[in-house]
């Protein structure tokens, strides 16, 4: 292997390692607050209804922030948005460490939501920038591992810290780590946005739907995919390897424009809506991913509220430890949705005469159709009936498995379908995901008051089953739907 290739691979992993830490800290900031709800209620007199509203305000910030920030990441590069987001989250962590009132709680949660809003979409864009198609499920698996660590494991550590050091220290530790991550972005993160050098007229487009591939059979809507061919995604007009390395000034620039890019930020925002509703794969991913976060929000808010009451009477440390089962479940699910999924598509592509189709990814998500409602209902009914804590924990562990199986697979499927529009697609997905969570959390208390805790979880279980079941028609008709939208896709990416 050439020395330049080895060095490029090392730099790629340095970049991605910094991004993984950023992903971890974004979800640490967003999710550790629930373990200290009991402390905030006792010490600051903040009601549980206000605490629920603060969680919803956080989700609202996540939904809105992505719409306004991601266009700039697409137009001016990833690096400035990573820096801005990291600074915003650092300021939010310091604010929450010093909060005294309900107003502080609500506003700091909105601010942290806006700051962390880009964490999902921009990381997927970075994965698409850095890695090849046969590596993306594994990289998405690493990303989801950071998400689940921040979501489920960080509250465990936060609960221990709150009991031993006081609840304010969970925010100070977060601020310290975010500060370290910010330093890494300033001095070590290189811009990953690709700025093409136009040297020839592009060839006519093939019938491939999703992304360019080395070999395409004209009669199929798929990409030629083998162990050898997936070392890159070249076309006949691709620039020769090795390319001259950019200067340090270019690699660490605060602004990286695409030459000849005529699209305005306002046009990009309109494109987000078009992509979300025009392309079925984007609509499917948005629906599935949004529902997963909504159900997770239901579990998280009820866990933080009802386990502090009789018959459980858990303190902050015990509330934090309840996040271990879903973390373990998520880690198990990641083995199948990450490396196993990458292995599976190579196997299925070989059986399909060497042609890869993105719908091959969805086989891994099928168990999630049953596991998602099973985990939700087992957790909800056992908690509502006051059964031993281990039974709700089994339910959250099952939900953790399905969260990774369905969530990681849906994200990778979307990336494979519309690689050149992944930033636009993920803004819509992220907006739907957090908007749905916001609505669900705001409506949760009236929902429970209306039909009771037990019936609410039965309703959520039925809804989750219906949403996950949409995976089946995507497997059957996804290729045909991509073929119907190929002209729109090529027109939007300027091919």
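Glycine residues also receive a Cβ, built from the backbone N, Cα and C atoms like all the rest.
Listed in TrEMBL:
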type	residues	note
COMPBIAS	228-237	compositional bias 'Acidic residues'
DOMAIN	14-495	domain 'Major facilitator superfamily (MFS) profile'
REGION	212-244	region 'Disordered'
TRANSMEM	12-35	transmembrane segment
TRANSMEM	55-74	transmembrane segment
TRANSMEM	110-133	transmembrane segment
TRANSMEM	142-163	transmembrane segment
TRANSMEM	169-189	transmembrane segment
TRANSMEM	286-307	transmembrane segment
TRANSMEM	327-349	transmembrane segment
TRANSMEM	361-383	transmembrane segment
TRANSMEM	389-414	transmembrane segment
TRANSMEM	421-444	transmembrane segment
TRANSMEM	456-477	transmembrane segment
Stretch-averaged pLDDT - the domain 'Major facilitator superfamily (MFS) profile' (14-495): 85
Touch test for the transmembrane segment (361-383) and the transmembrane segment (142-163), at least 3 Cβ pairs under 8 Å: no
Tertiary contacts of the transmembrane segment (110-133), as residues 6+ beyond its ends and Cβ separation under 8 Å: 12, 15-16, 19, 22-23, 26-27, 29-30, 57-66, 69-70, 73-74, 78, 81-82, 85, 87-89, 91-93, 95-96, 139-140, 143, 192-194, 211, 213, 223, 225, 230-233, 356, 411, 415-416, 419, 422-423, 426-427, 429-430, 433-434
Winner by Cβ pairs under 8 Å against the transmembrane segment (12-35), considering only 142-163, 169-189, 286-307, 421-444, 456-477: 142-163
Tertiary contacts of the transmembrane segment (421-444) (same chain, 6+ residues out, Cβ under 8 Å): 52-53, 55-56, 59-60, 62-64, 66-67, 70-71, 73-74, 113, 117, 120-122, 124-125, 128, 268, 271-273, 275-276, 279, 281-282, 285-287, 289-294, 296-298, 301-302, 414-415, 456, 489, 492-493
Outside the transmembrane segment (389-414), six or more residues from its ends: residues with CB under 8 Å to it: 124, 136-137, 140-141, 144, 148, 152, 281-282, 284-285, 288-289, 292, 295-296, 299, 303, 307, 312, 322, 324-334, 336-338, 341, 358-359, 361-362, 364-365, 367-368, 371-372, 374-380, 382-383, 422, 425-426, 429, 468, 471, 474
